[in-house]
């Protein structure tokens, strides 16, 4: 474990997640620069060292205090637009899956290889076995192949939900009557957990998400089993 992990973002397993962490660090550094400049200005005002007798004006000073704010806004805005295009752009994925939010469970649909439709409910605490996580385990896990460009289409059947995987830096609103797209890619196999992040009713806290990335052989076997169930 890295030191000071309690004040840092968790490591991501996706390319998009690494970009988000870098953008977060860059934005935080820019804000610290602005805060430092403002504090130094107030310190100078307090000591009254800013008074210059016979001061008339400076074109260079006016240029600088106009240029630096514009430069900071552009340096933050361009990476932000780049990330939005990467995360929500309509890239052609190798696989496409549909995620539907219900009160209070998730359902998953796929049709690239074998048509399947499965519902994913939370496993009650009394049915958990040793090693499983409370409020995070589901009866049907969404299995995806790693090192594959996957496009998710997220919607809702009833009210607004939010399909969220913090470990992958993903959060997509599930809105009734609308399809929101999101690209997902994992560097390596593993299991990732999440929950609904939009208050959607009485059992909002009992809508866990479990995504498992496996190799292609295991993925095809799992899809075949789901299509025949």
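Note: Cβ is positioned from N, Cα and C throughout, glycine not excepted.
Where the annotation comes from TrEMBL, it is an automatic prediction and has not been curated.
Remember, predicted model here, so these are calculated numbers, not experimental data.
As written in TrEMBL, here are the features:
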| type | residues | note |
| --- | --- | --- |
| DOMAIN | 1-91 | domain 'Cytochrome oxidase subunit II transmembrane region profile' |
| DOMAIN | 92-225 | domain 'Cytochrome oxidase subunit II copper A binding' |
| TRANSMEM | 20-42 | transmembrane segment |
| TRANSMEM | 63-87 | transmembrane segment |
Under DSSP, the domain 'Cytochrome oxidase subunit II copper A binding' (92-225) has how many residues in helix, strand and coil?
19 helix, 62 strand, 53 coil
Sort out the residues at least 6 away from either end of the transmembrane segment (63-87), same chain, that have Cβ-Cβ distances under 8 Å to it, and list them.
16, 19-20, 23, 26-27, 30, 33-34, 182-183
Per-region confidence, the domain 'Cytochrome oxidase subunit II copper A binding' (92-225) (mean pLDDT, whole number):
87
